[in-house]
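K.L.:
Got a structure here, written out as structure tokens. Questions coming.
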Amino acid sequence: MARHACLCLGVLVLACYVSSETRVKRQEDDPIGDDVNAEQLCEGRPADEYFRLTTEGDCRDVVRCDQGSENGVTRLASVRCPVGLAFDIDRQTCDWKTNVKNCDKIEKPRKVLPILKTDEPICPEGKLACGSGDCIEKELFCNGKPDCKDESDENACTVDVDPNRAPDCDPNQCTLPDCFCSADGTRIPGGIEPNQVPQMITITFNGAVNVDNIDLYEQIFNGNRHNPNGCQIRGTFFVSHKYTNYAAVQELHRKGHEIAVFSITHKDDPQYWTSGSYDDWLAEMAGARLILERFANITDASIIGVRAPYLRVGGNKQFEMMADQYFVYDASITAPLGRVPIWPYTLYFRMPHKCNGNAHNCPSRSHPVWEMVMNELDRRDDPTFDESLPGCHVVDSCSNIQTGEQFARLLRHNFNRHYTTNRAPLGLHFHASWLKSKKEFRDELIKFIEEMLEKNDVYFTSLIQVIQWMQNPTELSSLRDFQEWKQEKCDVKGQPFCSLPNACPLTTRELPGETLRLFTCMECPNNYPWILDPTGEGFTVKK
């Protein structure tokens, strides 16, 4: 694997720089030094936390605790970032050296943890202990604001330990159409036999819709490719605001594709999303929906999906906002590669898999929101060969896919993995630029779509169509008349709503010095819409 092959989604992942188990072994066997007491350094420290032994040097070297040796002795496994990069202690990842501001730090700041498990209770019923031993009401833990003097009530809030976390799945209480869960996530809705389940394939795109990619979308969704029920195949577009042509979005919507939100600013600071406040998520996502509805003339309340930039999930705050704003689903959480893929689920109950990636900020509480989980793709060239390759959630993050032939194998291997097990929806998630980077990628995707459409049990659907089927599970024998998939946009004919959109040259004080063109079939606003002024009519919030 190339050293820089894992520069994906704007985040550098440390593990990507270790090209093989052999290299890890060699590094771990390098002597750290006799004066280093690994047992002391590792006491109480998580095994996956990297830290420095010294702040001298070029900021590339870190270690972690390894207790996996045969004799049970704790060792320090060393890792070095590639030349030109440094290790960011706070974010636990390699990044360009100019971006790393904590080379003077040995380790991540230690947080005081609450006392949640004791042999004998130390607090009255209904209360829990802070790290200091003080008792506060249980519901105050993990509510987003510190109530303990040592702030420990906000330091143990993951899916596994939040004292107010969502309960484990209870199929007796969680029933369709409003709720769906299963213990391991692999159960088929409605208890339908796998050979009677339509194999749904969802093609999604992230980012701006504009002249750079409209031709690609027209080639894939050319109006001549139909599902077995006679309806045109569908995709879902998670649209970010800047540089988007809203006349083109309006045309995608007219043709029956699903439009969802991907934020207004798409800020390149991952921590902004991971630690975003309720108001941040409200401004970014509800604001993006407002812009789409107004300037792409989408008036049917169909924008109900959210995807977090860089897939950096915003924890409970993101999902509280979504519920309040009537967003139906999120499509940002990834499930680790497993033998059987996972079906989408609602978040009334605990998520049925580990919080994989996403900076480990998955929602821990109960939320009335669907999670259109992103099953990792198996990117091995030969799935029968048990080589150790991590899965990838977005197709363009599968760094070993370099040729059309490899891409074709990836598509068919993963289709078979879903099709021959529980037929959970197969998600193919793209940035358009990757498909356009090589003509053979686009050609292989189109070839795959046409090959799958020759089957009578494979459907290319939008994400909302997946939810519609799950809410009303219908066997293949009755699917041709499934009304939710045969609405007025089943087979779209006719011309675009407008062939000559307004090209509005606009500015906003939020982006000083920039003039941006807003293409829309609607009237030009006064300002370029942005986070404090999503309508473009003028600022309602003062800085």
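Using the three backbone atoms N, Cα and C, a Cβ is placed for every residue, glycine included.
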K.L.:
Choosing among Cys123, Cys157, Cys169, which residue does TrEMBL name as bonded to Cys142 by a disulfide?
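P.N.:
Disulfide pairing in TrEMBL: Cys142 with Cys157.
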K.L.:
Have a look at TrEMBL and say which candidate in Cys130, Cys135 forms the disulphide with Cys123.
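P.N.:
It is Cys135, per the disulfide annotation in TrEMBL.
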K.L.:
With Cys157 (disulfide bond) as the reference Cα, tell me which of the disulfide-bonded residues Cys123, Cys130, Cys135 is the closest one.
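P.N.:
So, spelling it out, the nearest of the disulfide-bonded residues is Cys130.
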K.L.:
If one looks at the chain holding Cys148 (disulfide bond), which residues at least 6 apart in sequence have a CB under 8 angstroms from its CB?
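P.N.:
For Cys148 (disulfide bond), the qualifying residues are Pro114, Cys130, Gly131, Ser132, Asp134, Ile136.
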K.L.:
Can you count the other CB atoms that lie within 10 A of the CB of Cys157 (disulfide bond)?
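P.N.:
Other Cβ atoms found within 10 Å: 22.
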K.L.:
Let me check the 10 A CB neighbour count of Cys135 (disulfide bond). How many other CB atoms are there?
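P.N.:
Its Cβ has 17 other Cβ atoms within 10 Å.
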K.L.:
Going by DSSP assignments with H, G and I as helix and E and B as strand, what are the residue counts for the domain 'Chitin-binding type-2' (39-105)?
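P.N.:
Output for the domain 'Chitin-binding type-2' (39-105) reads 7 helix, 21 strand, 39 coil.
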K.L.:
Between Cys142 (disulfide bond) and Cys135 (disulfide bond), what C-alpha distance do you get in Å?
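P.N.:
Distance (Cα to Cα, whole Å): 14 Å.
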K.L.:
For the domain 'Chitin-binding type-2' (39-105), what's the mean pLDDT in this predicted model?
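P.N.:
Looking only at the domain 'Chitin-binding type-2' (39-105), pLDDT averages out to 86.
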K.L.:
Are there any residues in the same chain, six or more apart in sequence, whose C-beta is under 8 angstroms from the C-beta of Cys123 (disulfide bond), and if so which?
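P.N.:
Long-range Cβ contacts: Ala129, Cys135.
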